[in-house]
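For reference, the structure is listed below as structure tokens.
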There are 2 protein chains.
Amino acid sequence: MSEEFVFTVAAQDGAARSGEIRMPRGVIRTPAFMPVGTAATVKAMYPDQVKALGADVVLGNVYHLMLRPGAERIARLGGLHAFMNWPYPILTDSGGFQVMSLAGLRKLDEDGVTFQSHVDGSMHRLTPERAIEIQGLLGSDIQMQLDECVKLPNTDEAVEKAMRLSLRWAERCRVAFGEQPGKAMFGIVQGGAVERLRVESARALVDLDLKGYAIGGLAVGEPQDVMLAMIEAVEPHLPATKPRYLMGVGTPDDIVEAVRRGVDMFDCVMPTRAGRHGMAFTRHGRLNLKNAKHAEDTRPLDKGSKCEAANAYSRAYLHHLVRSNEILAMMLLTWNNLAYYQELMAGLRKAIREKRLEDFVAETKEGWEKGATDEGAEPVAEGGVDA
Amino acid sequence: MSEEFVFTVAAQDGAARSGEIRMPRGVIRTPAFMPVGTAATVKAMYPDQVKALGADVVLGNVYHLMLRPGAERIARLGGLHAFMNWPYPILTDSGGFQVMSLAGLRKLDEDGVTFQSHVDGSMHRLTPERAIEIQGLLGSDIQMQLDECVKLPNTDEAVEKAMRLSLRWAERCRVAFGEQPGKAMFGIVQGGAVERLRVESARALVDLDLKGYAIGGLAVGEPQDVMLAMIEAVEPHLPATKPRYLMGVGTPDDIVEAVRRGVDMFDCVMPTRAGRHGMAFTRHGRLNLKNAKHAEDTRPLDKGSKCEAANAYSRAYLHHLVRSNEILAMMLLTWNNLAYYQELMAGLRKAIREKRLEDFVAETKEGWEKGATDEGAEPVAEGGVDA
């Protein structure tokens, strides 16, 4: 623990790094996967289970929490950590992405965005200052700037306009955040799939000397090689001494490839959402438990896993639970999936420290291929909101 | 544990008894509350949580399990205990009640009942022999006879006809069950709200010398005093040396009153179903967490409870989870409710052994009254099926 927000890189292997972020509420071991706790809960998980799997930090969503139960209410109740029984670090997304993807009517202007709640139709407003104020009310440890996210594909002009607005908002968020020892405000690199815009965005944000830098607006449907090209374009322009966070990513393969390219932090709804839809991630690839072929398979998901959800229940039973829409199906598959994601991150951290990342990546991919007997549809990530 | 099915009464206080049922898979401390695991899962609970709360036995449903995933399939997979990761005793309901309450088209004849699955519309048949065969395939420790349940209110004639058919089916089930060391088949006293029919049913079943006797067809909407009158009418005719099981009951108050009248076993969907609908049972009465008055209440449900769901999460947080339809709401409230039911049963057992049941009952009811500040709608039990 530390009174300040301190990031240290302990080891490098190629562009990949492993280190830790120390702050008053705990230590985040990087590369880190942050389970998504949209509405103040990592869906279908008790908080102590999440921690026990090795998650050092969870993500909360300004958009959802400001609508229900409200930021001021959470503040009166002692903040988000107390509210959701998670005393460890929390990162909050600022709401920019969700306003675009979830809200009803919305109107953007230079000063902010006015939008309609998808919960009850009421009207709300977010400005850079209000986004930071809300994150302060929540007590968030790592706060994100408000940004404008455009849908891809889009014209370069529209992408550039949103990127520049996001930069101006980053400056205003920085001022609003001020100095908060032990906490951090991250900027978000935008610029769609346009390399020169991404580079310009990164450089301008670095000039603001923020505590960390996110890469936003990716994993929204573009091919993986486009996403990786953007990371490669941006990475040389980000300071080696600051954490890099790839927002809303991704599949285990996306994460492995981004870690190889120097990314330190990830969040994604995939393990939790997939778990609620009958999908299991394992060392041996993905399984779609809805599939009839599992109906009499007495094998567990992965008898070598330390997670009870993976080693103590048969695939036949999980198949039955999924087919019967039982809550326990969602509980067990979410648990299994988060366990696998955290196991993967621990493996990546160890491999980087042992300078054997490329071997680890090869072995990991071989494992997925070898056991990948299942071609179930892959759920799509939706910008850090697990709904 | 015991190789045989052995019931012993260790203490009595008035008509109330406390004892235990020993059998190969474990010991059931009585009076016992059996959580309902309709489709091979106690909804929203991990099996080890259910056990840790003090449940010695759970209930499964022939009707649901024969339709999905099928009794023969469960047998091929090693039986219900292995399938659902519950190595302790299991009692299975025979399906009579569910055929009446859940199935589509159904046709009853002397030999059995043909009905349409509510899952996929397929046609199925249950006879007394098939009901026992299915329970054998499941590996059930305590098996129930097939019975005919009529809706109440009804004509005495219809009630009597169903009671007599149920008696003939009890004889056939007894023959089909044969001798199974370590296991038991229970008969079910029927007769609606007609005392003479209840007494006749009980006497005829006692002549069959079964291992235990259930009282069925109650808690279907009749007033509590009618239910208690039927228990009082039947109890003197049931052998003191055999366990008595009141099916589908009930509220904490119903259970307390039935224990006072000599009942040893209970099952009910109330704690689990109510937990999925925002209701909490506590020592201080019921709370409807949907209610806006909990929105900023930082108190836990019951800080004196040993259950984490009751002592570690604020009512404000539970309110938020319920309002947001979060799975964690169902997980925490179900956990709390089953914890309270098991705590109540442990209290009843201890009080009977200390011969202070009446004091315990008075204190318990005083606790409910004192804290009962909440008049939320009460979920209705539906015959041992938690759906």
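Cβ atoms here come from the backbone N, Cα and C positions, even for glycine.
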- Candidate from A:GLY70, A:GLY121, A:GLY217, A:GLY221 that TrEMBL assigns to the same substrate site as A:ASP93, A:SER94, A:GLY95, A:GLY96, A:PHE97, A:ASP147, A:GLN190: A:GLY217
- Here TrEMBL annotates region 'Disordered', and of A:10-30, A:367-387 the range meant is A:367-387
- Message: For the annotation region 'RNA binding' in TrEMBL, which listed range does it cover: A:157-161, A:272-276, A:297-301, A:322-326?
- Response: A:272-276
- Neighbours of A:ASP93, A:SER94, A:GLY95, A:GLY96, A:PHE97, A:ASP147, A:GLN190, A:GLY217 excl. site residues, C-beta within 8 Å of centre, substrate: A:GLN98, A:MET100, A:MET144, A:GLN145, A:LEU146, A:GLU148, A:CYS149, A:SER166, A:ILE188, A:GLY216, A:MET247
- Averaged pLDDT score, the region 'RNA binding' (A:272-276): 98
- Of the recorded positions listed as A:ASP93, A:SER94, A:ASP147, A:GLN190, A:GLY217, the one whose CA lies nearest the CA of A:ASP267 (active site, nucleophile): A:ASP93
- Note on the structure: The correct three-state DSSP answer for A:GLY95 (substrate binding site) is coil
- Neighbouring C-beta atoms (10 Å sphere around the C-beta of A:GLY95 (substrate binding site)): 28
- Message: What whole-number Å value do you get for the CA-CA distance of A:GLN190 (substrate binding site) and A:ASP93 (active site, proton acceptor)?
- Response: 15
- Among the active-site residues A:ASP93, A:ASP267, which residue has its Cβ surrounded by the fewest other Cβ atoms within 10 Å? A:ASP267
